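Quick look at what Swiss-Prot annotates:
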type: TOPO_DOM; residues: 1-30; note: topological domain 'Cytoplasmic'
type: TOPO_DOM; residues: 52-74; note: topological domain 'Peroxisomal'
type: TOPO_DOM; residues: 96-113; note: topological domain 'Cytoplasmic'
type: TOPO_DOM; residues: 135-172; note: topological domain 'Peroxisomal'
type: TRANSMEM; residues: 31-51; note: transmembrane segment
type: TRANSMEM; residues: 75-95; note: transmembrane segment
type: TRANSMEM; residues: 114-134; note: transmembrane segment
type: TRANSMEM; residues: 173-193; note: transmembrane segment
Amino acid sequence: MAPAASRLRVESELGSLPKRALAQYLLLLKLYPVLTKAVSSGILSALGNLLAQTIEKKQRKDSRLLEVSGLLRYLVYGLFVTGPLSHYLYLFMEYSVPPEVPWASVKRLLLDRLFFAPTFLLLFFFVMNLLEGKNVSVFVAKMRSGFWPALQMNWRMWTPLQFININYVPLQFRVLFANMAALFWYAYLASLGK
């Protein structure tokens, strides 16, 4: 009888692990909102790059090791750009277009899609170019060839997600929601950079 009781206790403790992790995340989010969002954004951005590299390796049947510098670039971008900037942009959007304003959901979506999306994409290309140590001519060439297709893909993929995010996801979870979706978005952007 003791082994069964012991097994049940272990199983119940394992079930509480996600609850404890969530409680810890919520506490950190409350105490250090920008830092928590920055760290989670950095980690999820690096995971998105890892996903892109893994997909690319399988498509090319490549046996090379993963490019650690790519993971680090995405980590830095998420940690210092996406996480903190997203935190403040969602706050700005929440307070500049409060939910009770007529057509708030449409106004927020238009603000996000027509202003924030192109700005973030431009910033992405610029920061990645800097982190890769490339010159301005490479940046300009990449903008000419990749910006418009990437923005069109952004509008297709992110518009429904951002409508849900900015209108239905609680403010403190919007960066995390976007970061989870961005796993696949960064995989797409990383594939453009190759």
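If you go along the chain as it appears here, the first residue is 1 and each next one adds 1.
Every residue gets a Cβ built from N, Cα and C, even glycine.
For the topological domain 'Peroxisomal' (135-172), the mean pLDDT of the prediction comes to 94. Note on the topological domain 'Cytoplasmic' (96-113): residues 155, 158-159, 162-163, 166-167 of its chain, located 6 or more positions outside it, place their CB under 8 angstroms from a CB of the stretch. The helix, strand and coil residue counts that DSSP assigns across the topological domain 'Peroxisomal' (52-74) are 16 helix, 0 strand, 7 coil.
Packing against the topological domain 'Peroxisomal' (135-172) from elsewhere in the chain are residues 29-30, 33, 90-91, 93-94, 99, 104-105, 108-109, 112-113, 117-118, 121-122, 125-126, 129, 178, 181, 184-185, 188-189, 192-193: each is 6 or more residues past its ends and has a CB under 8 Å from a CB in it. Taken through DSSP, the topological domain 'Peroxisomal' (135-172) splits into 35 helix, 0 strand, 3 coil.
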